[in-house]
Amino acid sequence: MSHRDTLFSAPIARLGDWTFDERVAEVFPDMIQRSVPGYSNIISMIGMLAERFVQPGTQVYDLGCSLGAATLSVRRNIHHDNCKIIAIDNSPAMIERCRRHIDAYKAPTPVDVIEGDIRDIAIENASMVVLNFTLQFLEPSERQALLDKIYQGLNPGGALVLSEKFSFEDAKVGELLFNMHHDFKRANGYSELEISQKRSMLENVMLTDSVETHKARLHNAGFEHSELWFQCFNFGSLVALKAEDAA
């Protein structure tokens, strides 16, 4: 059962940096629905993309799986034999709950839920990889190497789904979408104090990129095609495709 997010409703003397700890994991479903515009649509559409791209006898990776929402969406839409989903997160609290969520929904496709660092996981025989609001928490200097590894581990014709919060090269547009996002959170019941305190904790650990920067990295990794398929305010998702005739 999900609890309502009230983590920042009272003043916190020393905020520190954001961590995905037990307190966050407990309220995460409510938090992300009220904080990330379009999140439910992205999760649903990841399942539709899985139906199109997952191939028999291959693996799907959910890198930074949190509580397993994307993993479950993928699994509901796999209709092939001998597939496996590998879900990884470095937060013990998230992984504990993820295992419970996965076990609560029975399906033929097995899921390996792993507590670990996505930078250390080998990507092999993959028809689809999901990075759902995960890359933004890596150091910018480490992002290209992860995308390179994903490209190498994808089979020809495979897909990467990359969802992120974006920054914008046009400052005026960035300001507008930033303010619209805050309006969204206010409309979902967050107070000015809650919005401010959460932003202060996130600003040193969640470093956003522009869509142009993401596309450049994907191109450098080897992806022949990439495009933004969903956006709501300053949140969105790209799909990157490995050519069917890639070596």
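Cβ coordinates are placed from backbone N, Cα and C, and glycine is handled just like the others.
From a predicted model like this one, the values you see are computed outputs, not experimental measurements.
Lifted from Swiss-Prot, the feature list:
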type	residues	note
BINDING	Tyr39, Gly64, Cys65, Ser66, Asp89, Asn90, Asp117, Ile118, Asn132, Arg199	S-adenosyl-L-methionine binding site
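Feature annotations (Swiss-Prot) mapped to structure.
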residue: Tyr39; record: S-adenosyl-L-methionine binding site; DSSP class: helix
residue: Cys65; record: S-adenosyl-L-methionine binding site; DSSP class: coil
residue: Asp89; record: S-adenosyl-L-methionine binding site; DSSP class: strand
residue: Asp117; record: S-adenosyl-L-methionine binding site; DSSP class: coil
residue: Asn132; record: S-adenosyl-L-methionine binding site; DSSP class: strand
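Just so you know, the Cβ of Asp117 (S-adenosyl-L-methionine binding site) picks up 11 other Cβ atoms within 10 Å once every protein chain is counted. The Cβ of Cys65 (S-adenosyl-L-methionine binding site) lies under 8 Å from the Cβ of Thr71, Ala87, Ile88, Asp89, Met94, Cys98, Val113, each on the same chain and at least six residues away in sequence.
Proximity of Asn132 (S-adenosyl-L-methionine binding site) to non-local residues of its own chain (separation of 6 or more, Cβ distance below 8 Å) is seen for Ile42, Ile43, Ile46, Asp62, Gly64, Ser66, Ala69, Ala70, Val161, Ser163, Ser237, given in sequence order. Counting every protein chain shown, the number of other Cβ atoms lying within 10 Å of the Cβ of Asp89 (S-adenosyl-L-methionine binding site) is 26.
Tyr39 (S-adenosyl-L-methionine binding site) is surrounded by 19 other CB atoms, counting those within 10 A of its CB over all protein chains shown.
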